Amino acid sequence: MRVNNGLTPQELEAYGISDVHDIVYNPSYDLLYQEELDPSLTGYERGVLTNLGAVAVDTGIFTGRSPKDKYIVRDDTTRDTFWWADKGKGKNDNKPLSPETWQHLKGLVTRQLSGKRLFVVDAFCGANPDTRLSVRFITEVAWQAHFVKNMFIRPSDEELAGFKPDFIVMNGAKCTNPQWKEQGLNSENFVAFNLTERMQLIGGTWYGGEMKKGMFSMMNYLLPLKGIASMHCSANVGEKGDVAVFFGLSGTGKTTLSTDPKRRLIGDDEHGWDDDGVFNFEGGCYAKTIKLSKEAEPEIYNAIRRDALLENVTVREDGTIDFDDGSKTENTRVSYPIYHIDNIVKPVSKAGHATKVIFLTADAFGVLPPVSRLTADQTQYHFLSGFTAKLAGTERGITEPTPTFSACFGAAFLSLHPTQYAEVLVKRMQAAGAQAYLVNTGWNGTGKRISIKDTRAIIDAILNGSLDNAETFTLPMFNLAIPTELPGVDTKLLDPRNTYASPEQWQEKAETLAKLFIDNFDKYTDTPAGAALVAAGPKL
């Protein structure tokens, strides 16, 4: 029996895991590399070496999160605070689970992990020591330990010596629940949380993102209750210390646009905003790689090297990668430690208060302008609406762009009612004097997607202040303030009506989209604050 760093089998027995053969505790990258490429491994455990030096893995049938299989134990801790799927008008994935069914699922996972050689990774979620979660991840799969090491904050040796986990994640990807039907669950797979036990269980799905987004959901529960904003956004900081945050759903450009050679990256996906400023929850990045090219996204491309972990990409026999091949999934990914990006905030991923708040949307209708400047009420309206087109493959079964509304640009990860996040964000923005913008990274009347080059020029204009000084005109129906011209952007693109053969074509699509906005926002009109925001939305 080899036990690393003093972690004993007895400690794992406290979670219900018995007869552990071997504990590989906080393995080094070199050890993980050897483990993943072990020729005796079969199936989804096996890694493949690519010519870029990174290992590639296959996550099985689950190439994205499985929101329909997400459950929260409803008990005295959560009954009155959680945003439940079966209450109120808002649609979310927080399905209640009985304590009895939880115990059954826990038994399945602990039996799966018992008698095995286990990887245990202790890591932090949150760069602020006052509010971070100390999380212990337990898995029998080497690459899942690698994913966690990439994505969470890696403790120093000193921090590990005194590490006391306040959340446990047990990943039993190889086990499923045969009794799901009689228990009234969605399928044999499950991703379940217990806030009283402070534990997450995973069964049936190998997708690494369940661990990442699971802890994000927990931060989304704990922080806003303390008045700290918890945000599905990327963030970066300029030379003068000016901080920008980029909200957006998967595939709208959060990672791409915040990874900017002119600015230092704070993080690419999950952040908090407290009295000191903006801080990252993570220690790594999880970038989409479909159609990745060195020319368009050099920072991300260059981050794919030894210690990065590729998911679901096509690897040719000679080890080269076909980034254009989406036959397995459009949601091909790479995780890498944040220091694989040269231009990052060091030594801790945090900075001051944000002054620019950017909402990214990928409008499949081609109605919204590439950029508009929002009023305070429009900021709340568009934050609560969280409109985008769901882009291919970040969830199972979605391959074409379809319009979606996701509260706070991350409804799948919200644990409290959306208005609570809006209230906290607005307070933080007002205190910092921050301005919000709506940026469409999607399509226009030409049927083509707005280019990364044009979007980057728009972001530059926001960040250097030239957009705030530009003359604006108002787009009818949506009442959005659009600049008449911006440096480096074709003026014709700024007004979406110009990209159609006739203004009537835009009008017709705009009416369809406006109606969708109005219908979606109806769920917030049962409170006086929500009803007051209706005027900030589109009008037919």
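Here the Cβ of each residue, glycine as well, is placed from N, Cα and C on the backbone.
Listed in Swiss-Prot for this protein:
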BINDING   R65, Y207, K213, R333  substrate binding site
MOD_RES   K87  N6-acetyllysine
BINDING   K213, H232, D269  Mn(2+) binding site
BINDING   K213, H232, 248-256, E297, R333, 449-450, T455  ATP binding site
MOD_RES   K523  N6-acetyllysine
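Structure with Swiss-Prot features highlighted.
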| residue | record | Cβ within 10 Å |
| --- | --- | --- |
| R65 | substrate binding site | 24 |
| K87 | N6-acetyllysine | 12 |
| Y207 | substrate binding site | 26 |
| K213 | substrate binding site | 23 |
| H232 | Mn(2+) binding site | 26 |
| G248 | ATP binding site | 27 |
| S250 | ATP binding site | 26 |
| D269 | Mn(2+) binding site | 27 |
| I450 | ATP binding site | 26 |
| K523 | N6-acetyllysine | 16 |
Of the binding-site residues listed as R65, Y207, T256, the one whose CA lies nearest the CA of K87 (N6-acetyllysine): R65
Distance from D269 (Mn(2+) binding site) back to S250 (ATP binding site), taken between C-alpha atoms, in Å: 9
Conformational class of S250 (ATP binding site) under the three-state DSSP mapping: coil
8 Å Cβ shell about K213, H232, D269 centroid, Mn(2+) site members excluded: K212, F216, E270, G410, F413
G248, R333, I450 screened against D269 (Mn(2+) binding site), Cα within 10 Å - retained binding-site residues: G248
K523 (N6-acetyllysine): secondary structure state under DSSP, collapsed to three categories: helix
Spatial separation of R65 (substrate binding site) from T252 (ATP binding site) - C-alpha basis, Å: 17
Close in space, distant in sequence - T256 (ATP binding site), Cβ under 8 Å, 6 or more apart: A287, E297, I300, I452
Alpha-carbon distance [K523 (N6-acetyllysine); R65 (substrate binding site)] in Å: 25
Cβ neighbour count (within 10 Å, all chains shown) around R333 (substrate binding site): 26
